[in-house]
Each structure stands twice: as C-alpha cells, then as structure tokens.
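Note sheet for the following structure.
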Amino acid sequence: MTKQRFPQYLSQPFLPYILRHLCLRRPHMADTSIKDDAPDNQHRLIISDSGFPPEERPQKTKRLASLDIFRGLTVALMILVDDAGGEWPMIGHAPWNGCNLADFVMPFFLFIVGVAIALALKRIPDRLMAIKKVTLRTLKLLFWGLLLQGSFTQDPDKLTYVALLEITTKKAQAKDLSPGQFSIFKLYCWHWLMGACVLIVYMAVSYGTYVPDWHFTVHDRDSADYGKVLTVACGARGKLDPPCNVVGYIDREILGMNHMYQHPAWTRSKACNEYSPDKGPFRKDAPSWCYAPFEPEGILSSISAILSTIIGVHFGHVLMHLKGHSDRLKHWVVMGFALLVLGITLHFTGAIPLNKQLYTFSYVCVTSGAAALVFSFFYILVDVWGMRFLCLPLEWIGMNAMLVYVMAAEGVFAKFINGWYYGDPHNTLINWIQQHIFIQVWHSRKVGILLYVIFAEILFWAIVAGMLHQLGLHWKL
C-alpha cells in the first residue's frame with residue numbers, strides 16, 4: 001500500500017491532536033464511514049474532516065478494533081467455560097432454565113457474525129458474486145464442522161439464510177437514510193419481516209405441537225439401567241420442561257436418538273443429580289428422562305437462533321448509515337437495554353423462561369441485549385477513546401479466531417502434546433504444568449485449573465496470535 005502524501009502543513013506534530021479533537025470532542029463535524037478493503041480484509045473506520053478543502057482533506061484510518069476485540073472475548077470465554085467449567089459449574093451451561101456465562105458464547109458469536117455480514121457484503125456490488133462467496137463460505141463451515149464436530153463451525157444454516165437476505169436487500173445500502181428515529185428499521189423492513197416470521201413459526205410450533213409419550217434405550221454403560229427401555233409420559237402441548245418440549249420431540253423424530261447429544265446439561269439439574277449443579281451420581285428417584293439424550297442445538301432451536309444474527313446485522317447497518325459516534329451509541333445502547341429488560345421481564349414473570357437449549361425468545365432478547373451493550377462498551381473504549389492497548393490480547397485472538405479456536409478451544413494442540421508421554425499416559429507436559437505450576441502452588445485444584453486456563457491457554461494463544469499478526473499471518477475461511 002502506497003503511503004499517503006499530505007501537504008507540508010499537515011505533517012506537523014499537532015495534526016493528531018487536531019483530528020482527535022474534531023473526531024472525539026465534536027463528532028457531529030466528522031464524516032465517519034466504514035471501510036473494509038484493507039489487505040487483511042479487516043473492517044476499518046475512515047474519519048475524514050470536513051474542515052479541510054477537498055483536495056487537501058486528510059484521512060486518518062482507524063481499525064474498527066471493537067469487533068475484533070468482541071470476537072476475541074467470545075473465543076476466550078469459549079475456552080474458559082469449556083476447560084474450567086468442569087471445576088466451576090456456575091460458569092458452565094445452566095442445567096435447564098437460566099443463563100450462565102457459557103450460555104452467552106453462542107449468541108455472542110452469532111451477533112458478531114451478523115455485524116460482519118452487513119460490513120462484508122456491502123462492498124460486493126454484484127449479487128451473483130456475493131451469492132458465490134456466501135455459498136463457498138457455507139461449504140467451508142460445513143467442512144470444518146464435520147472435521148472438528150465443534151460448536152464454533154456448526155449450524156451454518158442460520159448464517160447462510162441471513163447472508164442471502166442481506167444480498168437481496170443490497171439496494172437499501174446505497175440509499176440515504178431519511179430523518180426519523182425508526183428510518184433505519186423502515187429501510188431494512190424485509191430483515192425484520194423475516195425475523196417476525198421466524199419468531200411466529202418458532203412460537204407456533206413450540207406451543208401448538210402435540211408431544212406424545214416416548215421411549216428410549218439407555219446406552220450409558222455406567223448406568224444400572226443399561227440396555228433397558230424407559231418410557232417418558234407426556235401427552236401434552238405447549239410445555240417447556242425437559243421431557244415434553246417440542247424441540248426435543250422434533251429432534252427425536254428427525255435426527256433419531258443415536259444422533260443426539262448423550263450427555264445433556266439437564267443431567268446436572270436438581271431433579272436428576274444429587275450434587276446439582278455439579279456433576280455427580282443420579283438421584284435414586286431420578287425421572288426416566290434424566291437418562292435420555294437431548295440435542296442442545298437442534299433443528300427448531302437453530303431456527304430461533306437466526307434472530308440473534310438478524311439483530312447483529314442491524315447493528316452493522318447502524319455502523320454503515322449513522323455517521324456520528326453519539327448517534328450510533330444512542331441507537332445501540334437504547335436497543336440493548338430494551339432487549340435486556342424485555343427478556344428479563346419475560347423470564348421472571350413466568351411467561352417465557354430463559355433457556356439456551358430451547359433458544360427461547362427471552363433468551364434471544366437477554367443475550368442479544370448483552371451483546372449490544374458489550375459491543376457498545378468496546379466501541380467507546382477503543383474506537384472512540386482510543387484505548388486500544390488495554391484489549392490487545394483479545395484483539396489478537398479476534399484477528400486469528402479460527403486458529404485459536406481449533407488449537408485451544410477444540411484442544412488440537414493439547415491433544416498433540418498429550419500424545420507424547422513418559423512411561424504413563426498421564427505423564428505429559430500439560431499435566432506436569434497443571435500440577436506443579438498451578439495446582440500445587442495454589443493448593444487448590446479449582447483455582448489452579450482456572451489460572452491454567454487463563455494464562456497457559458488464553459494468554460498463551462493471544463501472544464501466539466499477536467506474533468502471527470505481526471508477521472501478517474491470519475487463518476481465514
């Protein structure tokens with residue numbers, strides 16, 4: 001990339017102060033737009049000062065680091081809850097109703113993808129080319145999902161549907177936003193119409209479908225009921241409890257028992273487990289459904305998850321059409337709080353409980369509202385105040401998220417290291433580090449494992465990702 005040449009009077013040391021003063025103190029005087037035609041295909045903010053003549057107008061390019069940092073935070077949370085959740089069940093997935101730290105990971109990821117879809121597809125003028133890119137990305141996601149069998153790359157359907165909808169409404173991106181608080185909603189009304197259709201279908205099926213009695217064979221060899229055929233009594237509709245919800249019914253009928261997750265989170269519920277929410281033996285009076293499989297990311301719940309991506313796309317549209325920082329943040333924060341309050345109200349009034357495994361509407365609202373507020377926080381901290389250095393490890397992870405996910409969250413690197421041992425399979429380098437550097441030093445397995453995950457996994461891979469970034473190496477789909 002050739003270096004921009006400026007007139008001599010713009011090369012003085014006071015230039016950064018002038019631009020910073022105009023862009024941050026008086027945002028209404030700055031014309032701010034998004035650019036993502038950089039060599040590394042990362043989104044950038046172009047802030048151009050309208051106070052200079054057009055022929056001498058400087059451009060100070062700022063990386064839209066808030067999106068990378070949010071992505072890095074999400075991957076870091078994924079590693080934390082996966083590898084430390086066994087010792088700290090309060091950060092793992094909620095056994096059924098409720099929302100723990102782990103339950104924010106997937107909707108955060110979908111929200112980020114939604115923002116990225118809006119920013120990435122806006123620069124592709126040809127619809128056919130955009131469809132080809134979306135199709136290729138979908139095939140890559142399917143490939144890595146089948147190869148890794150992990151949550152980061154599965155369920156490409158919801159991403160593909162939203163991307164195709166964004167392509168069909170590309171004409172709206174070129175239009176000027178008309179005055180009014182709800183003009184951006186009107187401009188992309190088809191997106192919200194699709195979201196309304198998704199919600200109506202999900203609610204109608206969830207509350208209107210009859211769930212009959214069902215039975216299954218216990219395949220857990222450690223269970224005293226191994227090989228037995230157990231029956232679950234339902235014969236109802238509109239229930240959102242573990243045995244009789246329609247999400248599980250559809251998955252059992254279409255996917256089949258053998259293709260569903262055999263160790264669902266509900267095994268840690270009070271009805272099943274003596275040490276709930278910790279893992280432990282089943283209660284003697286545990287109901288039969290405690291032994292059954294359940295798919296936490298099934299067919300109907302994946303359809304509902306489209307809503308998280310649509311909300312993320314809307315936030316990307318706000319970045320594209322609203323030019324001032326204050327206008328963007330006002331829109332984001334108000335919408336984030338509104339979603340959060342709506343979801344919490346639905347949950348505590350008993351109307352619709354928070355439930356990640358069913359991906360209920362209240363869960364969509366709470367997690368999307370939280371994502372909106374976290375993204376707004378990083379946007380203020382980094383892209384407005386310029387305090388990027390505080391979040392560099394997360395930014396490095398976000399710029400090489402696929403690499404960190406495969407190596408750390410999926411445990412590919414750890415499995416490779418554990419393949420080398422001395423005498424006994426437990427005598428590996430990783431086990432030695434856990435025991436002698438973390439667990440024995442802190443005299444606590446819980447604290448030791450937590451610190452190991454933070455420093456030996458998250459921080460370690462952040463440094464590796466940072467070094468690769470300095471070399472210009474990024475793993476992209």
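Glycine is treated like the rest: Cβ placed from N, Cα and C.
Taken from TrEMBL as is:
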- 64-81: transmembrane segment (TRANSMEM)
- 101-121: transmembrane segment (TRANSMEM)
- 187-205: transmembrane segment (TRANSMEM)
- 299-320: transmembrane segment (TRANSMEM)
- 332-354: transmembrane segment (TRANSMEM)
- 360-382: transmembrane segment (TRANSMEM)
- 403-422: transmembrane segment (TRANSMEM)
- 449-468: transmembrane segment (TRANSMEM)
Next on the checklist: Is it true that the transmembrane segment (360-382) and the transmembrane segment (449-468) have 3 or more CB pairs under 8 Å, sequence gap of 6 or more?
Outcome noted: no
Checklist entry - Should the transmembrane segment (403-422) and the transmembrane segment (64-81) be scored as in contact, given a threshold of at least 3 Cβ pairs under 8 Å and pairs 6 or more apart? => result yes
Checklist outcome for this item: Stretch winning on C-beta pairs under 8 A with the transmembrane segment (299-320) (pool: 64-81, 101-121, 449-468) is 101-121
Next on the checklist: Can you work out which residues elsewhere in the same chain, 6+ from the ends of the transmembrane segment (64-81), have a Cβ less than 8 Å from its Cβ atoms?
Outcome noted: 34, 42-45, 91-93, 101-102, 104-105, 108-109, 112, 115-116, 151-152, 319, 371, 374-375, 378-379, 381-383, 388, 391, 393-399, 401, 404-405, 408-409, 453-454, 457-458, 461-462
